[in-house]
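A short write-up of the structure that comes next.
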Amino acid sequence: MSNSNNNNNNKKLAISLKNVCRGYGNTKVIDNLNLQIKSGTINCLIGASGSGKTTILRTILGRLIPDSGEVLVFGKRPHDIGGVPGSICGFCPQEGALYYDLTLDHTLNFFSNVHQIPKDKFESKKNEIIKLLDLPQINSRSVGLLSGGQKKRVSLAVALLHSPKLLILDEPTVGIDMEVASNIWSYLRSLANSGVTIIITTHYINEAVGSDNVFLLRDGKILENGAPNYLIERYESQTLEEVFLKLCKRDNAQSIVDSKKNNNNSYFSSQEIIDVESHIVNNNNNNNNNNNNNNYNNNDDEENYNDDIYNDKKPLIGISKEDENNTNGSTNKESGILFRFYKVLLHSVAIGKRKFIQIIRNKVVLSFELLSPSVQVLLYFLAIGGSPKNLEFGVVNLDVGPIGSMYINSLSNTGIFNFHNYNSTTEAIEQIKSGNSFGLLDINAQFSEAILENFMNLSQYNPNGQIDLYMDFTNYQITLIVEQQLALSFETLAKQQANITMNPIKTVTPTVYGNPNSKFIDFLAPGMVCLISFAHAISITSVSFVKEKVDGSLDRLFAYGVRTSSIVFGHFLGHLPLLLVQITVLLLIAIYGFNVPIEGNIALVFLMTVSLAFVGMSLGLVISAVSRVETEAIQLSLGVYFPTLICSGTLWPLQSLPNWFVWFPNILPATHAGNAMRDIMLKGVGLHYKEVWVAFLVVLSWLIFLIFIAVLALNEKDKNLKLSCFKKRK
């Protein structure tokens with residue numbers, strides 16, 4: 001025992017927490033905590049749920065900033081260059097934090113890319129870890145199909161892969177076979193002997209006997225710490241569990257005294273309080289006497305803080321020995337803008353590749369991403385914008401001349417009407433009331449004679465020269481089309497039979513823009529193509545971060561120093577190939593499947609569609625970053641999409657809006673994109689046209705703004721951290 005203690009005393013401090021306090025709201029989780037851990041040791045944090053174990057780990061990793069106090073990891077504060085978070089740390093969270101769509105090989109390859117491990121070194125390390133942890137060799141099997149114990153071992157493999165100097169394991173042996181657990185502890189001991197500092201949290205108290213030090217936690221404070229055998233001997237116990245029980249009882253007794261001193265309404269006698277106090281004093285005296293032999297010499301350890309601590313261990317993966325031998329040079333290199341940009345780029349590519357593999361392996365998601373936009377545009381062109389056909393219409397034709405019948409025949413040839421002859425107006429109106437007919441044309445007996453008189457004698461009007469129309473006017477679109485066709489057919493008939501032009505307006509050809517015979521679908525198509533790509537881009541990214549936040553995957557990436565910008569750009573890269581395929585197929589269906597005219601540059605059409613889809617992706621990432629569960633993300637996506645659909649001018653001209661509301665559609669990216677698409681496709685204009693270049697400018701501005709918000713929202717947990725660090729360093 002004495003030799004072990006002497007060895008520990010010769011080691012340098014790896015972690016130091018001084019007077020650290022951290023709470024959530026008004027609740028303090030850890031209060032005035034002091035903790036020192038020496039390098040090359042195995043340390044167990046033991047405590048019930050809510051005792052502060054996870055908060056301590058997150059504080060050490062730099063994910064939480066203490067409300068007060070100081071945290072040093074290898075002599076550096078969290079987020080200092082070359083410290084935590086970063087590849088110096090290996091982290092195995094309790095949740096597992098794995099990507100269940102990936103295989104074991106894909107998982108380890110992804111994290112090797114994150115840590116920039118050389119390929120030859122990665123292969124040897126991978127084989128070593130697979131053998132150690134008895135991991136399955138089935139490369140085609142997803143991690144999600146493994147048992148709970150196997151998943152835990154995969155998570156542990158990820159933490160060990162890059163040979164970190166600091167290893168933080170949250171419940172690493174839960175659900176693992178006893179033999180494998182024993183092998184893991186033996187391996188951890190060999191790592192500690194080589195200089196790796198290991199922190200373990202566990203509920204299995206007796207399992208901590210194999211560690212160098214245990215920290216017994218309760219209600220955010222350390223009840224006791226020291227070597228396991230020493231604590232067992234000191235408290236005259238058989239097991240650590242018994243030691244913990246005695247300490248909890250002592251803590252309860254102390255709490256009683258403290259509460260009674262602060263409470264005038266005593267429910268205990270003075271003698272009871274004196275007895276409890278004397279018991280606590282005796283225990284505390286024993287603790288003070290023994291701590292002189294067991295606790296670290298903090299003053300000496302603090303003097304040992306220097307950069308040499310980084311030189312007496314194995315080199316970090318991906319950093320050359322030359323860099324490691326010159327810590328200042330390494331620090332200067334890592335602090336350079338080009339190096340940081342290069343690191344962000346590498347992480348983005350790694351995350352993008354991982355995301356793409358996840359999509360490819362998930363057949364449901366892949367089918368949705370490939371087929372959904374195509375199905376939507378097909379349904380749109382089939383269901384919207386066409387003219388109604390075979391409308392049930394009644395006719396009461398009492399005209400003794402030929403014009404009434406000629407007019408009905410002209411209407412029948414349009415294909416819009418399916419006429420039924422009735423003998424009486426009352427009978428035909430009843431069919432409208434019963435829903436069997438949309439309307440009725442009632443032609444009186446003198447119609448032909450009267451209409452000719454009206455043409456010949458303009459000074460006298462004969463009311464018999466008109467046809468009475470009865471209709472169900474509740475369907476606005478059908479009413480509009482019917483009235484338009486009734487007028488158009490009569491104009492055509494008058495011109496054919498009497499060479500009379502009823503409409504004094506002449507359309508001059510060639511037109512300035514467009515085709516006078518264009519259909520409503522031609523007006524809708526450009527905007528709908530934009531909106532479908534925009535909406536689908538939102539849907540595929542709006543849940544991207546939610547699951548990763550819940551299962552701890554994001555926390556693991558943050559612990560390894562991956563920036564939020566890398567995560568956001570990585571998701572862009574992962575979805576980009578499929579997004580380009582989707583938009584290509586969507587435009588091909590519109591142009592060649594339904595003959596939507598494109599008078600302008602097809603490249604501009606494609607670029608505008610892709611740009612708006614990028615805005616949709618970035619908006620989806622914002623939604624994902626602020627959502628706690630997937631249902632929230634879905635609801636927010638719908639809440640964003642429908643106002644955009646309604647107010648973008650796709651379904652109805654913006655000129656119809658009230659003046660006080662015009663500002664809202666004009667700030668939406670889909671509004672400008674839809675108008676620009678319509679101008680390019682129907683007018684044939686290019687970037688010189690104001691509406692087109694303004695649209696590109698607005699869409700680009702929205703893209704930059706939303707990416708910034710996505711990074712900020714995803715990084716919200718670190719906001720107070722950076723402000724606090726800034727204040728401290730001022």
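The backbone N, Cα and C atoms fix where each Cβ goes, and this holds for glycine too.
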The annotated transmembrane segment range in Swiss-Prot, which must be one of 361-381, 634-654: 634-654
Candidate with the highest Cβ count within 10 Å, taken from the binding-site residues Ser49, Ser51, Thr54: Ser51
For Lys53 (ATP binding site): DSSP state (helix, strand, coil): helix
Near-site residues: ATP, ref Gly47, Ala48, Ser49, Gly50, Ser51, Gly52, Lys53, Thr54, CB cutoff 8 A to centroid: Leu217
Cβ neighbours within the same chain of Gly47 (ATP binding site) - under 8 Å, at least six residues apart: Lys53, Leu216, Leu217, Arg218
Lowest local Cβ density among Gly50, Gly52, which the record lists as binding-site residues, within 10 Å: Gly50
Long-range Cβ environment of Ala48 (ATP binding site), under 8 Å and at least 6 residues apart: His203, Arg218
Surrounding CB atoms that lie within 10 Å of the CB of Lys53 (ATP binding site), all protein chains: 27
